[in-house]
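As written in TrEMBL, here are the features:
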- 12-259: domain 'Nodulin-like' (DOMAIN)
- 339-547: domain 'NFD4 C-terminal' (DOMAIN)
- 77-96: transmembrane segment (TRANSMEM)
- 108-130: transmembrane segment (TRANSMEM)
- 142-161: transmembrane segment (TRANSMEM)
- 173-192: transmembrane segment (TRANSMEM)
- 204-226: transmembrane segment (TRANSMEM)
- 238-259: transmembrane segment (TRANSMEM)
- 344-362: transmembrane segment (TRANSMEM)
- 368-391: transmembrane segment (TRANSMEM)
- 412-430: transmembrane segment (TRANSMEM)
- 436-457: transmembrane segment (TRANSMEM)
- 469-494: transmembrane segment (TRANSMEM)
- 521-542: transmembrane segment (TRANSMEM)
Amino acid sequence: MPAAVKAGSRPPWVGLAAAVWVQVAAGNGYNFPLYSPSLKSVMGYNQQQLTMLGVANDIGENFGMVAGVACNRFPPWLVLLIGAACCFLGFGVLWLAVTQTVSGLSYWVLWLALCIATNSSAWLGTGVLVTNMRNFPLSRGTVAGILKGYVGLSAAVYTEIYTGVLHDSATKLLLFLTLGLPVICLAMMYFVRPCTPTLEEDSSEYGHFLFTQISSVVLGLYLLATTVLDDVTSLGNAVTYTLFGIMVLLLLAPLAIPLKMTLYPNKRKRTGALGPSSSSDSLTADKSEPLLAESSSTMNIQEADDASDVDMLLAEGEGAVKKKRRPKRGEDFEFREALIKADFWLLFFVYFVGVGSGVTVLNNLAQIGIAAGVDDTTILLSLFSFCNFIGRLGAGAVSEYFVRSKMLPRPIWMTCAQVIMIIAYLLFASGLNGTLYASTALLGICYGVQFSVMVPTASELFGLKHFGLIYNFMLLGNPLGALLFSAGLAGYVYDIEAAKQNPGYLDASTNSCLGPNCFRLTFLVLAGVCSLGTLLSIVLTLRIKPVYQMLYASGSFRQPRSSQH
């Protein structure tokens with residue numbers, strides 16, 4: 001593996017700007033509500049069959065165990081290349097089926113193709129997230145919030161492309177996913193690379209992150225406004241392509257940071273980077289650096305593993321090793337060591353309840369809108385996407401602030417989010433006029449919070465060295481929830497109610513279910529599940545609060561300068 005780029009240089013910020021585009025590509029799983037109606041009508045599927053395809057969408061998107069292992073063994077460009085190949089192969093088969101270029105494809109062939117297609121999300125997302133978390137180890141919550149925020153915002157980006165440039169054509173959308181996304185990934189591969197992290201506080205870094213966050217919020221508001229504008233008025237091709245061009249420029253906004261660093265370089269000498277020191281001051285600074293920042297996970301992983309193996313063999317030969325000490329919270333855990341920890345499973349189940357219930361609504365959002373009498377369901381998807389983005393971005397920044405200033409464990413925000421999710425599900429179940437958009441917005445925000453809080457929490461409890469594998473195991477809560485709540489509950493209840501309204505429905509799958517009863521039972525069950533998740537989240541928060549106090553005391557969470565003297 002090539003040597004890491006030095007700290008404080010432009011490449012980490014170039015890599016973060018490139019990661020924005022890769023994360024938008026990694027959000028391809030959010031496109032399922034856009035092309036699923038065409039897939040249902042062309043292939044003649046009923047709602048339960050379509051819901052099972054939604055489960056395939058979630059399994060592929062979140063099964064990243066192999067990608068997690070690969071991140072520790074291969075360079076990021078290879079991980080992204082595999083993700084691009086999955087896009088081309090999986091979405092290519094779906095395009096062939098929907099266009100009927102190839103007829104007679106079985107249901108399970110399409111199910112497998114959808115798994116492969118959305119598994120690209122796991123490779124792409126893991127590659128850029130792990131690399132950037134290691135490049136900015138002192139700002140994990142902020143980095144996770146930004147990158148996960150752009151994934152959440154990707155649904156609105158695709159909706160803009162689908163309704164504007166592609167003129168509501170599901171076949172053109174699938175062709176874009178087949179060819180366009182691999183091209184984007186291939187173009188970004190070179191820029192996403194590991195860099196030696198800096199351990200020195202830098203006021204400009206805060207400004208850079210703030211600029212990235214503001215530009216992403218502007219992009220989100222712009223996408224929401226243009227989606228509504230397109231719904232209420234008819235836009236000409238010239239206006240549509242102009243709006244699309246502005247969206248591309250907003251996606252390029254994070255590139256302004258390395259451009260500014262090139263034109264106006266900071267000449268102040270930096271001594272906080274990992275590496276040999278040349279003065280007594282730097283030696284003193286090195287000794288006082290935070291625990292998490294000095295973790296071996298911020299080094300070249302392959303070299304660290306090789307060195308530790310040699311040291312262990314020498315120590316064993318000298319009789320110096322009796323028994324390996326198990327890691328403590330905040331240190332680097334092996335995956336098998338993390339698996340036996342109660343905190344690991346509490347975090348997994350809290351995340352499973354939050355995203356598993358939320359993805360059930362997301363997968364059925366088009367049908368929920370139709371049942372409620374909404375003519376254009378893309379508005380719902382765009383609203384959910386924007387609020388999902390706000391939840392991810394906001395939870396990353398807010399949790400980071402309270403961790404540093406109040407030692408407040410991040411999972412407390414998962415608790416708050418799941419309480420609000422209970423309210424949102426009860427609003428969905430009520431079927432009251434005017435509540436559909438409000439409940440969709442609330443659910444989108446809370447759904448995003450689960451992602452942004454889980455990512456840095458897992459890294460702070462179990463370290464960064466094997467973070468890719470641990471993080472991707474946590475993501476399995478998403479497809480597991482989709483399997484239980486979406487396929488096992490929502491699709492089944494929907495088909496029963498549709499059969500009551502339309503005799504012979506199961507043989508005429510183009511019929512739809514109308515009215516609040518189509519999903520009422522599903523929403524009531526999801527509200528009950530989130531009540532259990534709230535209790536588990538409270539237990540987790542109380543258990544790990546001493547961990548955050550210990551890490552704060554050790555200097556792992558940077559305190560304001562005024563409190564350090």
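Here the Cβ of each residue, glycine as well, is placed from N, Cα and C on the backbone.
TrEMBL: automatically predicted annotations, no manual curation.
The transmembrane segment (521-542) shares more Cβ pairs under 8 Å with 344-362 than with any other stretch in the list 77-96, 142-161, 173-192, 344-362, 368-391.
For the transmembrane segment (436-457), the most Cβ-contacting stretch among 108-130, 204-226, 238-259, 368-391, 412-430 is 368-391 (pairs under 8 Å).
Within its own chain, the transmembrane segment (77-96) has Cβ neighbours under 8 Å at 22, 25-26, 28, 35, 39, 60, 67, 70-71, 102, 105, 109-110, 113-124, 126-128, 171, 174-175, 177-179, 181-182, 185-186, 188-190, 192-193, counting only residues six or more beyond its boundaries.
Counting Cβ pairs under 8 Å that are 6 or more residues apart, the transmembrane segment (204-226) and the transmembrane segment (344-362) reach fewer than 3 and are not in contact. Counted over residue pairs separated by six or more positions, the transmembrane segment (108-130) shares fewer than 3 Cβ pairs under 8 angstroms with the transmembrane segment (368-391), which leaves the two as not touching.
Long-range Cβ contacts of the transmembrane segment (368-391) within its own chain (Cβ-Cβ under 8 Å, at least 6 residues beyond either end) map to 30, 33-34, 149-150, 152-156, 159-160, 162-163, 216-217, 220-221, 223-224, 227-228, 231, 361-362, 417, 428, 431, 436-437, 440-449, 451-452, 512-516, 518-519. On the 0 to 100 pLDDT scale, the domain 'Nodulin-like' (12-259) averages 88 in this prediction. Non-local neighbours of the transmembrane segment (469-494) in the same chain are 47-48, 50-52, 54-55, 57-59, 61-65, 67-69, 72, 122, 126, 129-130, 333, 335, 338, 344, 347-349, 351-353, 355-360, 363-364, 367, 454-455, 458-459, 462, 513, 518-519, 521-522, 525-526, 529; each lies 6+ residues outside the stretch with a CB under 8 Å from one of its CB atoms.
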